[in-house]
Amino acid sequence: MEMKKRLTLELRNKKPGEVKELVLDNCRSDDGKIVGLSSDFENLEFLSMINVNLLSISNLPKLNKLRKLELSDNRISGGLEVLAERTPNLTHLNLSGNKIKDINTLEPLKKLPNLHSLDLFNCEVTMLINYRESVFTLLPQLTYLDGFDADEQEAPDSDPEADGDGLEDEYENGEGEEEEDDDEEDDLDEEVIDEEDDEDDDLEGEEEEDGVDDEEEDEEEDGEDEEDDEADDDLPRGEKRKRNLEDEGEEDPEDEEDDEDD
């Protein structure tokens, strides 16, 4: 697919100014030059043109916000001064698999003060003696060359600055704080529920104790009644009858007869 058609397809009815990332890998460029890309892509931060048969980047438009440029597996041999003029805020540049042969070709990159990472894998320049030392000396602003720093420490898999993860991290941290607040509220709710459950348990325990006390009192009263009945059973028949009448508020007929005799 031609680069111009691919560019139209990638836009997907968006305006160029709305695009922040653009991938044009493996399409065909006309005469080895960039086609269709303009300064209307004013908010573009990431541009990838891998294996598009580029010979020159002279047609690269002014892209002030561009931070990461992927140009690997092309046939670029020079003309890098265009980058300093049109992509002044570039932080990552990948020129792997191009025709870069000597250190002097990289000299224009000195004018990119924010250049943080440079990749030159499979370029002839990497075969030069003291290649790494020479590049770090020429470009002191570099942190990583071909994925490693000057002390041979490997670069992290992703760089928050280049990938635009800084804002995402802040957003995630904000969400994390909200989640922590939610967790604290949940914990407080659980504590309140536990306290209410404990109060309910205490009330139930008190009610059970009251029930036990009432049962014991009833049993004691029943026991007293039974003792009274047993005592009554032990009385002689006449006295028992008399006692029952007294309890009922009546007089014994025999007593009445005695009164009459008197």
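Each residue, glycine too, has its Cβ placed from N, Cα and C.
Per Swiss-Prot, the range carrying the annotation motif 'Nuclear localization signal' out of 12-15, 72-75, 240-243 is 240-243. If you look at the repeat 'LRR 1' (16-40), the same-chain residues 6 or more away from its ends with a CB under 8 A from one of its CBs are 1-8, 10, 46-63, 70, 75, 164.
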